[in-house]
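First comes the structure, then the notes that go with it.
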Amino acid sequence: MGINFIYGIDKYNIFYLSLLDRYSKCVNTFILTIQLHTKLRAVKTIPSYSRFVISICLCSIVTFSNIYWLQPLLPVLQKEFQITSLSANLAMSAPLLGMGLGLLIFASWSDSIGRCKILLGGTAAGLLVSLVLPFVENYSFFLSLRFLQGMFLAVCPALAVPLLGEELRKSWLPGAVGFYVASNTIGGISSRLMGGVSAEHLGGWQNAGILIALITTILFVGVYYLLPKQKHFKPAPLKVTACLKAYGYHLKKPQLLLLYLLIGLAFGTFVNLSNYLMIVLGDYPYNLPSDIRSLMFLTLLGGTTSSSLAGKFAKKHSQIAGVILGISMMLIANFMMSWANIYTMILGMVLISIGFFFCHAQASTLIGRSVTKAKGSAQALYSLFYYSGASLGVFFLEPFYLRWGWHGVLGATRIALALCILFVVLYQWVAVYQKKHSHVMS
């Protein structure tokens with residue numbers, strides 16, 4: 001009787017303590033939620049110009065993390081879905097093509113309805129696709145989603161610089177754009193490293209994708225709370241006909257067309273050479289795991305250094321000389337990578353990164369200086385050729401890879417780089433011809 005009474009008391013004490021413990025956890029969670037909400041509201045006290053820069057940089061990291069995290073995992077996709085090397089490469093080509101088309105759409109659309117709304121909406125849609133991707137088992141559907149993901153996430157590269165240009169003082173703009181470009185690099189490199197390491201240690205590319213999606217979603221919450229309302233936006237009516245006329249006007253200029261073709265070939269060489277390098281390193285005789293392969297993308301840091309030096313070089317020489325120098329470095333790097341040695345491949349990737357980003361910085365500046373009207377359309381076309389070259393280049397390289405392997409890829413990219421040099425020569429020839437023609441007319 002006494003034992004039963006004591007057991008009954010203990011039972012009710014345990015129930016009471018359990019109930020109290022659950023209640024205290026709920027209270028603690030509620031308090032933490034209030035504290036978090038208060039801290040997020042305190043973000044509003046940060047000056048608006050700082051919030052613009054921070055939010056754009058975070059959005060850039062979100063964007064390029066979700067685009068590039070799969071690059072070191074192409075051999076994993078090839079084995080997982082039982083697909084060819086061409087199909088595996090399309091996992092990178094599809095979002096880049098979507099991004100190229102999205103840039104044209106969002107850049108024009110934002111002029112009429114505002115940039116912040118589109119920036120948040122497009123990024124949120126891209127993240128929604130990122131959360132779905134790891135659960136897709138059909139590869140064709142997977143590629144379709146990657147295309148849509150790239151198109152939605154194009155809002156950041158399409159709107160970042162125009163938004164900063166409208167809301168910041170001119171003296172602050174170069175520094176802000178510098179932070180934005182650095183964020184592109186941070187997002188691209190960190191996601192590749194995280195994708196490779198997490199796929200190797202968390203049990204597959206799906207878990208890596210979930211991790212990237214969750215981390216970038218948290219960063220997007222920061223963007224949502226940080227991004228202030230636009231104060232200096234002046235809506236303009238969307239005129240599709242005028243946009244198409246502007247694109248046609250630029251494409252009729254031989255020098256601009258040559259620069260567009262050049263940057264498409266250069267970026268296509270850079271991205272697809274990296275893609276095939278991942279497949280080669282994942283196969284015999286290297287058989288490197290994805291976490292080790294992803295370390296190869298640390299070589300991209302060389303590109304950030306070279307792009308910062310491009311301006312100083314152009315002041316002493318010229319933009320077109322910088323383009324030639326960048327392409328030449330890429331060509332030298334290509335020959336270095338002919339030796340099937342991991343160390344020469346690393347050195348080659350460092351040099352090819354330095355050369356490409358140096359060329360890219362010079363060519364994009366040259367576009368801006370060559371155009372007197374509809375500059376936004378000229379830059380949008382530059383971006384379209386830039387991303388289209390990266391997405392379509394795989395179709396040119398694949399036959400060479402199937403026939404001659406890694407050396408076939410190197411040979412095909414040499415042809416592309418030789419064409420780039422030819423375009424530079426033609427660019428200079430057109431410039432001389434137009435100068436002589438203008439003198440004759442005068």
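Any Cβ shown, glycine's included, is placed from N, Cα and C.
Cβ atoms under 8 Å from those of the transmembrane segment (49-70) belong to residues 43, 77, 91-92, 95-96, 99, 119, 123, 126-127, 130, 149-150, 153, 156-157, 160, 163-164, 167-169, 172, 176, 179-180, 182-184, 186-188, 190-192, 194-195, 205, 208-209, 212-213, 215-216, 219-220, 222-223, 226-228 of the same chain, restricted to positions at least 6 beyond its ends. Residues or ranges marked as transmembrane segment in TrEMBL: 49-70 (among others).
Within the model, the domain 'Major facilitator superfamily (MFS) profile' (52-436) shows a mean pLDDT value of 92, rounded to a whole number. Here TrEMBL flags 52-436 as domain 'Major facilitator superfamily (MFS) profile'.
For 90-109 (among others), the entry in TrEMBL reads transmembrane segment.
Feature annotation from TrEMBL assigns transmembrane segment to 116-135 (among others).
The annotation transmembrane segment is assigned in TrEMBL to 147-165 (among others).
The feature transmembrane segment is assigned by TrEMBL to 172-193 (among others). Away from its own ends, the transmembrane segment (172-193) comes close to residues 49, 52-53, 56-58, 60-69, 71-72, 160-161, 164-165, 212, 294-295, 297-298, 300-301, 303-304, 307-308 of its chain (Cβ-Cβ under 8 Å, at least six residues beyond either end).
Residues 40, 43, 46, 51-52, 54-55, 58-59, 61-62, 65-66, 69-70, 73, 76-77, 80, 116, 119-120, 123-124, 127, 130-131, 133-135, 191, 194-196, 198-199 of the same chain lie 6+ residues outside the transmembrane segment (205-227) yet bring a C-beta within less than 8 angstroms of a C-beta in it. The feature transmembrane segment is assigned by TrEMBL to 205-227 (among others).
Sequence annotations record features per position, and here TrEMBL assigns transmembrane segment to 257-282 (among others).
Per TrEMBL, the feature transmembrane segment maps to 294-313 (among others). The list of residues near the transmembrane segment (294-313) in space but at least 6 beyond its ends in sequence, with Cβ under 8 angstroms from a Cβ of it, reads 71-72, 178, 181-182, 185, 188-189, 192-193, 195-197, 274, 277-278, 281, 321-322, 325-326, 345-346, 349-351, 353-358, 360-362, 365.
Among the features that TrEMBL reports, transmembrane segment is placed at 320-340 (among others).
If you look up TrEMBL, you'll see 346-368 (among others) marked as transmembrane segment.
Sequence annotations record features per position, and here TrEMBL assigns transmembrane segment to 380-402 (among others).
If you look at the transmembrane segment (414-433), the same-chain residues 6 or more away from its ends with a CB under 8 A from one of its CBs are 254-255, 258-259, 261-262, 265-266, 268-269, 320, 323-324, 327-328, 330-331, 334-335, 393, 396. Here TrEMBL flags 414-433 (among others) as transmembrane segment.
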For this session: Using a Cβ-Cβ cut-off of under 8 Å, list the residues of the same chain that are 6+ residues beyond the ends of the transmembrane segment (380-402) and lie near it.
Result: 85-86, 89-90, 92-94, 96-97, 99-101, 103-104, 107-108, 157-158, 247, 250-251, 256, 259-261, 263-272, 275-276, 363-364, 367, 408-409, 411-413, 416
Problem set entry | Winner by Cβ pairs under 8 Å against the transmembrane segment (116-135), considering only 90-109, 147-165, 257-282, 320-340, 346-368 | 147-165
For this session: Grab the same-chain neighbours of the transmembrane segment (346-368) for me: Cβ-Cβ under 8 Å, and only residues 6 or more beyond its ends, written as numbers and ranges.
Result: 256, 259, 262-263, 266-267, 269-270, 273-274, 277, 296, 299-307, 309-311, 313-314, 319-320, 322-323, 325-330, 332-334, 336-337, 375, 378-379, 382
